[in-house]
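S.K.: Questions regarding the structure given below will be posed in turn.
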Amino acid sequence: MANLSQPSEFVLLGFSSFGELQALLYGPFLMLYLLAFMGNTIIIVMVIADTHLHTPMYFFLGNFSLLEILVTMTAVPRMLSDLLVPHKVITFTGCMVQFYFHFSLGSTSFLILTDMALDRFVAICHPLRYGTLMSRAMCVQLAGAAWAAPFLAMVPTVLSRAHLDYCHGDVINHFFCDNEPLLQLSCSDTRLLEFWDFLMALTFVLSSFLVTLISYGYIVTTVLRIPSASSCQKAFSTCGSHLTLVFIGYSSTIFLYVRPGKAHSVQVRKVVALVTSVLTPFLNPFILTFCNQTVKTVLQGQMQRLKGLCKAQ
């Protein structure tokens, strides 16, 4: 006999309040999604193909671009298809899987940002020991831990959601299976789960943010002591793109998920989720290109090479 407190499927309202105008959102969102996918793919290909980018900094950058693609894929394709159909239904299992991968990949991206901050800290504050401290093996270990820890930690989190009693309906007022809308449908006592969520946010978001801030505190102090203006400018330009990614990534997540006792309107959650799922992955390749001189130089070189091949044919 089926468990009536666990629906077989959920209805994702998405942008149903727009009515027939939903179809007009499809084109802009699809374009942003495709540009985000292509932009981050170009970054990954550049990191793999160009030997100038075979360094720890760009190894982590390639990981981050891959994460941007994967995080976007957990929610946006589903959102795009729902814009064109009247019945926006996701199975219970599909909802739990989407929840698991969305938050696991999102947490991993914050840890990779922290790895990037540690790399810049060692490069600028301890340049003579950089080759030893940031060896290939160490980079693989740091990246491996950043990927493994959230995926393991999210297992009990998603299992707890799967065993809740959902007797307040089956309609999720969002375009993906977000945490708070799911808990609002449950008639179980979720106080312990909410406390666990807060601990997870402290572990993967606030702690990594704190490590990043401390690292950049040391970096700024060290850079300001550099007598050469050109070296100082180079150091800041190298870190500028990373700092921009840190600000965009952490601000929206801390706003939504870290504050205890939080309560945000449905529309606010949807807008912030759109920023993190669509707009941020779209902007990141441009931030990395315009703020990072090395990436810009490599990209220009690849474009010149491609132009030369086209002329030769």
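Every residue gets a Cβ built from N, Cα and C, even glycine.
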S.K.: Looking only at what Swiss-Prot records, are A23 and Q184 on the same side of the membrane?
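M.R.: That holds: Swiss-Prot puts them on one side.
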S.K.: Which of C95, C187 has the fewest nearby Cβ atoms, counting only those within 10 Å, among these disulfide-bonded residues?
M.R.: C187
S.K.: Taking a Cβ cut-off under 8 Å, which residues six or more beyond the ends of the topological domain 'Cytoplasmic' (119-137) line up next to it in the same chain?
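M.R.: Non-local partners: 56-57, 60, 215-216, 218-219, 222-223, 235, 238-239, 242.
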S.K.: Per the 3+ Cβ pairs under 8 Å rule, pairs at least 6 apart in sequence, do the transmembrane segment (98-118) and the transmembrane segment (196-215) touch?
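M.R.: They are in contact.
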S.K.: Short question: most Cβ pairs under 8 Å with the transmembrane segment (24-44), which of 53-73, 138-158, 196-215, 270-290?
M.R.: 270-290
S.K.: Would you mind listing the long-range same-chain contacts of the transmembrane segment (196-215), meaning Cβ under 8 Å and 6+ residues beyond its ends?
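M.R.: Tertiary neighbours of the transmembrane segment (196-215) are 107, 110-111, 113-114, 117-118, 120-121, 149-150, 153, 156-157, 160, 179, 246, 250, 253-254, 257-258, 260.
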